[in-house]
Amino acid sequence: MSRPDQAARRRAIAAELHVSPTFDARDEAERRIGFVADYLRTAGLRACVLGISGGIDSSTAGRLAQLAVERLRASGYDARFVAMRLPYGAQHDEADARRALAFVRADETLTVDVKPAADAMLAALAAGGLAYLDHAQQDFVLGNIKARERMIAQYAVAGARNGVVIGTDHAAESVMGFFTKFGDGGADVLPLAGLTKRRVRALARMLGADEPLVLKTPTADLETLRPQRPDEHAYGITYEQIDDFLEGKPMDDAVAETVLRFYDATRHKRALPYTMFDWPGHPA
């Protein structure tokens, strides 16, 4: 791909993902708190629900949600934020999860261990005759089951509380397709949309997060065989490079091509289910 064509694609993707050329943490916090509050009031909902993992994304989204419901209550509209701990058995980074909860200061915290449900589904699949190529493939499948069990738990609580599920997706994860479809990608409201990873961190700092939380190495931590595997190991590039791609900063052509490959391969994750009427190139 020529350099001008690559630059044009970068601009188009940044626009599609709503990455602004400018950023002010205080202004962005105000916009996003107001958005969540307006959504709840307009929809007649009374709760926000979000799983708090101990990472910076869920911590930041959770704090924004808590501030949104506090704003609503101050105006006379009753709403609450429910933080959920959703470990798979014992959590390796338990101390980080506790630090995150201290920052978020949720109205309520519920803990649901997804291990029994996830393991039961894996066993049921085996009993039904599903075989795997190897242990690594089985572990990959189990990882996605974990993410989807967490989604089930959050929607169960949201249904019981007349609430909405908050998602943690932002532009840097979205462009790479780094989320489980109908797992952590399953949500109603995305208060971090349009932000690069460095901007999520800047927003968290402005909201009062401490540096160990802000700078924690991002990990989905879904793989039992490779616990706490950093996201960047899966990408083969860094979040700094992904952010540079989205913010239009100078970068190596090969790195930009890597981002474009991930973007193209994961297009289906960012779309509603396809029909023959909207799949590119298919005669309807």
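One-based numbering along the chain as shown.
Using the three backbone atoms N, Cα and C, a Cβ is placed for every residue, glycine included.
Take the ATP site that Swiss-Prot assigns to Gly51, Ile52, Ser53, Gly54, Gly55, Ile56, Asp57, Ser58, Thr168, Lys197: the candidate from Thr42, Thr180, Thr219 listed for it is Thr219. Thr168 (ATP binding site) sits 10 Å from Asp188 (deamido-NAD(+) binding site), taking the Cα positions as reference. Here the candidates are the binding-site residues Glu173, Lys181, Asp188, and by Cα distance the one nearest Thr219 (ATP binding site) turns out to be Glu173. Just so you know, of the binding-site residues Arg148, Lys181, His268, Lys269, the Cβ with the fewest other Cβ atoms around it within 10 Å is the one at His268.
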